[in-house]
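Okay, structure first, notes after.
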Amino acid sequence: MLPRVARLNTHLVSLALLGFQITYGAITYQHPDDLPSDVDYDFIVAGGGTAGLVVASRLSENPDWNILVIEAGPSNKDAPETRVPGLAGSLPASRTDWNYTTIPQDALGGRSLNYSRAKVLGGCSSHNSMVYTRGSKDDWNHWADITGDQGLSWDSILPVMKKAEKFSKDFSNQSVDGHIDPSMHGHDGLLSVVSSYTNVSFNDLLLETTKELSDEFPFKLDLNDGNPHGLAWTQYTIDHRAERSSSATSYLESTRDNVHVLVNSRVTRIFSAGNGTDFRSVEFAVDANSPKKVLTAKKEVILSAGVIASPQVLMNSGIGGREELQAIGVDTLIDNPSVGKNLSDQAATLLMFDTTLPNTDYDVAAALTEWEDSRSGPMAYGARLNHLTWVRLLDDKLNGSDPSSGKNSPHIEFQFMQISHQLPPADAPNQVKLPDPDSIGAVLLLAVVNLYSVSHGSIILNDNDPFANPMIDLNMFGDQKDIAILREGVRSARRMFSSQAFKDVVNGTVYPPADVTSDEDLDAFLRTSAISYWHGVGTLSMSPQNASWGVVDPDFRVKGTSGLRVVDASVIPYAPAGHTQVPVYTFAEHASVLIAKSYA
């Protein structure tokens with residue numbers, strides 16, 4: 001999640017990028033009536049997001065299989081703004097967003113939160129901040145233990161991540177010596193990754209801090225080596241041409257013509273044969289007023305609609321808790337109360353420090369023209385600042401309970417965003433008094449993130465209308481441990497910018513005000529300022545075969561069914577130490593192998 005850049009008229013962006021051509025082997029259809037009537041599909045992928053396009057691409061390697069992808073949003077070809085790295089901050093709440101809102105959060109004083117989810121081919125990989133983080137070794141080893149699939153352990157899964165990755169220098173061909181460990185990366189995969197950076201004075205000061213405060217903020221050569229603790233150069237899913245690399249631009253562009261993609265059509269339900277347990281028929285429509293169509297897969301349906309929509313589709317299909325389904329008038333075919341539960345996300349707050357450092361503001365329209373002309377300039381970068389920091393709290397700050405995956409996992413992330421004259425947007429929570437713009441020169445803006453929330457939320461349906469948004473309850477700060485950890489994160493950030501390196505250029509926080517220091521005052525600030533970091537997972541969690549909890553088995557099959565698997569963020573048991581993009585790609589790569597092997 002990043003603060004939005006100045007809003008651009010998407011029509012003007014489209015005009016500016018009119019000559020921008022995107023090609024791939026898959027055949028794209030704009031309307032259900034356009035689908036060929038003489039093709040029987042072996043696999044139907046319900047959702048063309050990050051995971052769905054990976055699965056479709058990998059299955060297409062078998063030339064005898066025909067695959068159909070059904071995506072609710074438009075093609076990324078029709079949303080060229082998704083290709084420009086510097087426009088990432090303008091995509092939330094745009095035409096390529098579902099624009100979800102949570103229900104009022106009790107621990108936040110009844111505030112509802114915006115909950116951005118992508119509605120475009122490529123899903124969140126076409127829409128996110130492009131940060132490339134794998135999580136910790138502890139995360140993967142713990143996921144392997146709790147799912148019963150040792151194929152997810154770090155040592156087993158690292159080759160999968162490397163296989164998918166194509167690390168290279170960025171458009172500027174700058175050296176990455178001292179920025180990454182080349183041995184930790186793949187160089188021949190489909191997904192482009194760079195470690196692009198700008199030469200701002202802030203970089204040098206941060207690196208000085210890693211020497212002065214090395215216990216809390218050590219320098220980390222590569223944030224993706226499995227032990228993410230310290231300050232590191234950020235890596236992004238951007239290619240060497242300074243364009244976003246998404247599942248649509250990487251995986252889909254490499255597919256064959258045995259993949260058909262239907263955009264602008266929403267999967268509403270998955271039907272079973274004779275109301276039994278074999279689910280292979282997909283119902284879909286353009287909108288609530290359009291006729292519904294049904295297609296049946298010869299082999300399987302792969303549900304890949306995301307952490308919000310996948311449980312919604314299952315519940316509307318009769319898979320969920322019996323009492324909940326009865327309450328909305330849906331017949332229960334598979335009674336599983338775990339469906340829609342266990343929503344795991346990360347809580348964050350923005351911090352602003354008064355600073356005399358040079359600002360990183362730029363003219364967005366001029367920068368877009370520069371990018372369009374030469375694929376260079378501010379729009380070519382993933383962010384205006386170049387580092388992430390991960391902090392592991394001391395045991396005495398955890399009150400005897402460690403929510404992380406293990407001793408090599410951090411509790412807190414700092415994502416440095418920009419140095420700007422702009423204050424938070426008008427729609428940001430501002431019950432805490434914002435500074436007078438005339439009283440400060442510029443502000444250093446960063447996000448402080450609690451990576452491991454103890455509190456889990458849920459997805460619940462209001463009714464059986466498949467086009468109605470579900471109720472999203474993050475249950476943010478439902479457990480007091482979560483706000484306590486984020487509070488310590490704020491204090492950690494203040495220690496960083498009280499270091500000798502910053503003493504002459506950073507003058508303390510203005511959001512929250514510098515005098516907000518006690519537990520009580522910081523908690524009050526966090527209850528009015530906390531936001532979701534939009535890294536939700538877990539609503540259809542994977543669990544061991546025959547477990548009494550969870551929704552999918554380690555082979556990604558929905559428990560108690562045949563013909564139906566789920567492959568997306570919803571199956572990941574809890575959010576990792578970092579961003580969720582790479583785990584979603586990796587789970588999808590892993591699932592693709594398992595699916596293909598089952599038909600070998």
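Using N, Cα and C of the backbone, Cβ positions are placed for all residues, glycine too.
The following features are taken from Swiss-Prot:
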ACT_SITE  H535  active site, proton acceptor
ACT_SITE  H579  active site
CARBOHYD  N99  N-linked glycosylation site
CARBOHYD  N114  N-linked glycosylation site
CARBOHYD  N173  N-linked glycosylation site
CARBOHYD  N199  N-linked glycosylation site
CARBOHYD  N275  N-linked glycosylation site
CARBOHYD  N342  N-linked glycosylation site
CARBOHYD  N399  N-linked glycosylation site
CARBOHYD  N507  N-linked glycosylation site
CARBOHYD  N546  N-linked glycosylation site
MOD_RES   H127  tele-8alpha-FAD histidine
SIGNAL    1-25  signal peptide
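Separating the Cα atoms of N399 (N-linked glycosylation site) and N199 (N-linked glycosylation site) is a whole-number distance of 41 Å. A straight line from the CA of N546 (N-linked glycosylation site) to the CA of N507 (N-linked glycosylation site) spans 57 Å. Here the CA atom of N199 (N-linked glycosylation site) lies 62 Å from the CA atom of N275 (N-linked glycosylation site).
Sequence-distant neighbours of the residue listed as 'active site' (same chain, 6+ residues apart, CB-CB distance under 8 A): N128, S129, V131, Y132, T133, H535.
Fewest other C-beta atoms within 10 Å: among the glycosylation sites N173, N342, that description fits N173. Restricting the glycosylation sites N99, N173, N199 to those with a CA within 10 Å of the CA of N114 (N-linked glycosylation site) leaves N99, listed by sequence position.
Using N199 (N-linked glycosylation site) as the reference Cα, a 10 A cut-off selects none from the recorded positions N99, H127, N173, N342, N507. Of the recorded residues, N507 (N-linked glycosylation site) and N99 (N-linked glycosylation site) place their C-alpha atoms 37 Å from one another.
Fewest Cβ neighbours within 10 Å among the glycosylation sites N99, N507, N546: that distinction goes to N546. Residue pair the residue listed as 'tele-8alpha-FAD histidine' / N99 (N-linked glycosylation site) shows a Cα separation of 13 Å. Ranking the glycosylation sites N114, N399 by other CB atoms within 10 A of the CB puts N399 at the bottom. Every protein chain shown contributes to the tally, and the Cβ of H535 (active site, proton acceptor) ends up with 25 other Cβ atoms within 10 Å. For N173 (N-linked glycosylation site) paired with N99 (N-linked glycosylation site), the C-alpha to C-alpha distance reads 37 Å. Using a 10 Å radius centred on the Cβ of H127 (tele-8alpha-FAD histidine) and all shown protein chains, the other Cβ atoms total 28.
N199 (N-linked glycosylation site) has a Cβ environment of 8 other Cβ atoms inside 10 Å. Following the DSSP three-state reduction, the secondary structure of N275 (N-linked glycosylation site) is helix.
Distance from the CA of N342 (N-linked glycosylation site) to the CA of N99 (N-linked glycosylation site) is 22 Å.
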